[in-house]
Amino acid sequence: MLSSPTVILQPYGLPVYPQTASCYPGIVQGAAAQEAGPGNGDPSLPQVYAPPPSYPPPGQAPPTPAARLPPLDFSAAHPNSEYADHHQLRVYQGPQHDGTESITASNTDDSLAPVTSDPQSLSVSVASGSGAAGGSDEEGGGKAQPKRLHVSNIPFRFRDPDLRQMFGQFGKILDVEIIFNERGSKGFGFVTFESAVEADRAREKLNGTIVEGRKIEVNNATARVVTKKPQTPLVNAAGWKINPVMGAMYAPELYTVASFPYPVPTPTLAYRGSGLRGRGRAVYNTIRSAAAAATPAAVPAYPGVVYQEGLYGAEVYGGYPATYRVAQSASAAATATYSDGYGRVYATATDPYHHSVGPTTTYGVGTMASLYRGGYNRFTPY
């Protein structure tokens, strides 16, 4: 007999406190009624381990504890309490079906849905009803919506009353319009019906008919897409040269126009049209005219463009007297020592850098080539 209670763990992990046989002779595990293990001759000693439970082999479902749990069926409640041992188990029962009462109760939630036994007939009836409703809406919209027809290739003598009389037999016409220009009718027009159905009927009847030897065409009028044309920018003949900054560098001849709106720099105004030529670059004119900037003078100009380049003027051809050249100021003419073009290198004075070349009227191509081959070059470094 044990002197103190001993805690024994079963395979399920629940502690079991063994008691002596004198206290609970019929409840203690491992009593004399059970199988005695080896060395279990004393009936007062408890059975230490219970027999291991049996597990199903792999791949099979575990057996249902039919002997311990009641069947879970949706049957009526058990008023007699057959399962007294399982008083904590709640048995759920399904709803009671009593014929027409359940149908009436279910229809209270959806009272608008038709009650039919055939779902196919239900879908057909609903579809036919919606189709009828859609057709009525479409028909009503067609009657209320006006429609415009485009009539082309009509006789040129036709006027609005003639076109109204031709289409008025098919329905009420809201508007008739024939397009005209300064020479008369353009041969087409528009007819607006109050109803789209009447417009379609008129289009089917009159399209392709012969009226006074002309086959008219009647079609549905479509909205014209109106596109706004871009505004043409204000440019002159020179295009991009209208900018005063760009024109001063690349097109100084624009500043010789008397009506040009932009202000003209003082050196350019003083030596406009003078003999100080420099391939049309404003930088040369500014440098060469710096000495006479203090005494500017007005420059008479022709009504047209006074050319800055000698290649553009009449002096490019050579042999013309000075009276036929571009008008220039007195101050500019006094200091003019360079040629108007490439044909005459020196016109009024000698070159201070080369004393062997004297004043001359013009040089030919051969003479110019010989001068350059002979060492004449103002920009030579030595």
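Glycine too: its Cβ is placed from the backbone N, Cα and C atoms.
The compositional bias 'Pro residues' annotation in Swiss-Prot covers 49-65. For 147-223, the entry in Swiss-Prot reads domain 'RRM', with the evidence type sequence analysis. Taken from Swiss-Prot, the feature region 'Disordered' applies to 34-79, 94-148. Here Swiss-Prot flags Arg148, Phe156, Arg157, Asn181, Lys186, Phe190, Arg214, Arg224 as site 'Interaction with RNA', drawing on similarity to another entry.
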Counting other Cβ atoms within 10 Å, pick out the least crowded of the recorded sites Arg148, Arg157, Lys186, Arg214.
Arg157
Let me know the most crowded of the recorded sites, choosing from Phe156, Phe190 and counting other Cβ atoms within 10 Å.
Phe190
Kindly report the helix/strand/coil residue split of the domain 'RRM' (147-223) according to DSSP, in that order.
22 helix, 33 strand, 22 coil
Nearest of the recorded sites (Asn181, Lys186, Phe190) to Arg157 (site 'Interaction with RNA'), judged by Cα-Cα distance
Lys186
Candidate nearest Phe190 (site 'Interaction with RNA') in space, where candidates are the recorded sites Arg148, Phe156, Asn181, Arg214 and distance is Cα-Cα
Arg148
For Phe156 (site 'Interaction with RNA'), the spatially nearest of the recorded sites Arg148, Asn181, Lys186, Arg214, using Cα atoms, is Lys186
Nearest recorded site to Arg214 (site 'Interaction with RNA') by CA-CA distance, among recorded sites Arg148, Asn181, Lys186
Lys186
The rounded CA-CA distance in Å from Lys186 (site 'Interaction with RNA') to Arg148 (site 'Interaction with RNA') is 18
